[in-house]
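Colleague: Shown below is the structure under consideration.
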């Protein structure tokens, strides 16, 4: 509770057990008790839990502006425990604020003052958490400690946001198609008119002779003479085209938002209502400075100042979907965000931040639990529920202790109980820490609706209301929309929006609000000044980001048993099958083709193994896009950490295959030959991994990646020089083998195996007296090891750069 400017020198006790006690806030005289003389304005205190029932003021004075007796927050809202103070829910701090406008003990309980409201839905008690199994406690956020000097001391204070005349236009992607459709429609209409005129003229000639009425004359007494506007009919039947047309003209840009204005006071919890497609998410993206496409106009002020580059440091955004790494625990997920977003803190202080955030979101008992979900490959990891995952997403945003928190549909996909728990977490942030919360929401239950201090309503890209008395406002409109008894106000608002969008007063309502919003809202903002500045936090180095991401990648790899068991056991099985199939080989004439064949198939199989990881790459990219949109790290450290992890895995797979084949099949056994063969197999495996990563990031879809990847791989295998020797390839497309990295790998392992290698030669016939003759048969007699290894490394660099370009430039989160 924040008590402002009370100078009651004769008050020895303020008894907070105000059950069935009336408080007169208009006149505090020199009495020991606060007497309420307001008739019929009873404050039911059944739902106000105060840990300190008696506030003993030994000095008989309450110092001006220095009392912060905050009523603890009750996490269980009882529908029957309502505090009806007939006040508008304008209290941005969710506190019980008593404003003494003069020093003569006269308190003015003016309902228009934002500091004099008791919001019965925003006062809850943190001590009663058993009913909902929530562990939300009164925070003692470690940022307030003196030893954490890297963060601003006022960073836990909410901010005021004013947005004026926000408009947003985006490219009409169907512009060309709509132009073609319009031309076809006009052409068809002209043909129908010409056919109709021809048939009518011939009928007129015949009817004039017989004295019959023409069809136009016979219908004139039934149909109106006004022409039918076909374009209006088409637009009404195609909503998407309606938004991209102006007076029947197709526009290249679609107007999504038009002159949207409003104000959000500090520490308010604001609900953004409206039907689907009304522009709620677009407005949130613009306010959070996350829009990367389209044209934005208008003005956004934070604490009276225009937003700058440091604005994102003080605001956080929670997306509608919980995109989290399934194998990480709750505390590991939050620690990951703390490591990358709070580089100035020591590791001990980061853990303090993580522990406090876990308490704030009520997941203390689940801190060691994994996020859970379906892993790439189909393995299911048991973990958190949907509501708990949503709270973890909120916790990731709270790591930086933001002043402004945006949420897109935080209750989407949750049952009513989990949705209420999530919204209570947000409400506690506004009441206890003063965070300003703005969230879009769709059809909340009544208990959630009453948590909001302010309601904003969007309809067809325009703001039709922003305030705290929405029901009275709707009843004052021309059609007088009255909320029936026993009706969820949120459902009533959405139903009313549908009626307003179809009524004749829609434009009038929108224009009236756009004209008068300054008088209605800006007057409130002048009550208290804001002088808080926005300062940027430090960012961590790319090397540090790489270290943190690499650590997470290896944990994810070893916790995903399906991934590492499948890939490592797959390499073992391939090596074992090859060895069993070809058996023990000798340097005889009969085994020469077997040796070249086993080398070919080894390269071919290692080239195809990375196809098993397509879903893994796409899953990791989804997490990357979500975290990149939040500016947690740069693209390069993520890409390098991913390639490092893959290089380690391919190292193990190639080593297992090479050892098994060399040991069982008895290939040319000397260290240089084995090392070169193994190194080439490893490079081919890594190269294939890189071009699959590049293709998956270019296409963004598993089926397209598989189609393009297999096409490239089959082309590589055909022109590798084994199935068809290079000398026998047609000249028209024989040059393709020079663009084939697998050809260079195959040529190199053949040289390592047969260069100066003595072969057994029978007396009657000897096709290959030694290994050099084998190389000559494959047109590899002049091939050098350095040439093959160098060209393969160049191809690896090419696919590495292509993959990085694709992941950093393509398939970004477009908002």
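Including glycine, each Cβ sits where the backbone N, Cα and C put it.
Since the structure is predicted, the reported quantities are computational estimates derived from the model, not experimental observations.
As annotated in Swiss-Prot:
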- 81-141: region 'Disordered' (REGION)
- 164-199: coiled coil (COILED)
- 177-249: region 'Disordered' (REGION)
- 194-210: compositional bias 'Low complexity' (COMPBIAS)
- 211-248: compositional bias 'Polar residues' (COMPBIAS)
- 242-485: domain 'ABC transporter' (DOMAIN)
- 274, 275, 276, 277, 278, 279, 280, 281: ATP binding site (BINDING)
- 562-810: domain 'ABC transmembrane type-2' (DOMAIN)
- 568-588: transmembrane segment (TRANSMEM)
- 598-618: transmembrane segment (TRANSMEM)
- 647-667: transmembrane segment (TRANSMEM)
- 675-695: transmembrane segment (TRANSMEM)
- 706-726: transmembrane segment (TRANSMEM)
- 732-752: transmembrane segment (TRANSMEM)
- 788-808: transmembrane segment (TRANSMEM)
Colleague: Taking the transmembrane segment (675-695) as the first stretch and the transmembrane segment (598-618) as the second, find out whether 3 or more Cβ pairs fall under 8 Å, excluding pairs closer than 6 in sequence.
Modeller: yes
Colleague: Could you check whether the transmembrane segment (647-667) packs against the transmembrane segment (598-618) - three or more CB pairs closer than 8 Å, residues at least 6 apart in sequence?
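Modeller: Since 3 or more Cβ pairs under 8 Å link them, the transmembrane segment (647-667) and the transmembrane segment (598-618) do come into contact.
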Colleague: Taking every residue in the coiled coil (164-199), what is their average pLDDT?
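Modeller: Looking only at the coiled coil (164-199), pLDDT averages out to 76.
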Colleague: Compare 598-618, 706-726, 788-808 by their Cβ pairs under 8 Å to the transmembrane segment (732-752) and return the stretch that comes out on top.
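Modeller: The stretch with the most contacts is 706-726.
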Colleague: For the transmembrane segment (598-618), find every same-chain residue at least 6 residues outside the stretch whose CB is under 8 Å from a CB in it, and list them.
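Modeller: Here the qualifying positions are 376-377, 563, 566-567, 570-571, 574, 578, 582, 585, 646, 653-654, 657, 661, 665, 667, 677, 680-681, 684-685, 688-689, 692-693, 696-697, 700-702, 705-706, 709-710, 713, 716-717, 720, 722-723, 742, 745-746, 749-750, 753.
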Colleague: Write out, in the order they occur in the sequence, the residues of the chain not among 274, 275, 276, 277, 278, 279, 280, 281 that have a C-beta within 8 Å of the mean position of the C-beta atoms of the recorded ATP site.
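Modeller: My list of surrounding residues reads 440, 458.
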Colleague: Tell me, how many other CB atoms lie within 10 A of the CB of residue 277 (ATP binding site), whichever protein chain they belong to?
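Modeller: So the number of other Cβ atoms within 10 Å of residue 277 (ATP binding site) is 15.
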Colleague: Tell me the coarse DSSP state (helix, strand, coil) of residue 278 (ATP binding site).
Modeller: coil
Colleague: So if I draw a 10 Å sphere around the Cβ of residue 274 (ATP binding site), how many other Cβ atoms end up inside it?
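Modeller: That number is 24.
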Colleague: Go through 275, 279, our binding-site residues, and report the one whose Cβ sees the most other Cβ atoms within 10 Å.
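Modeller: Of the binding-site residues 275, 279, the highest Cβ count within 10 Å belongs to 279.
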Colleague: When you tally the Cβ atoms that lie within 10 Å of each candidate's Cβ, which of the binding-site residues (276, 278, 281) has the highest tally?
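Modeller: Buried the deepest by this measure is 278.
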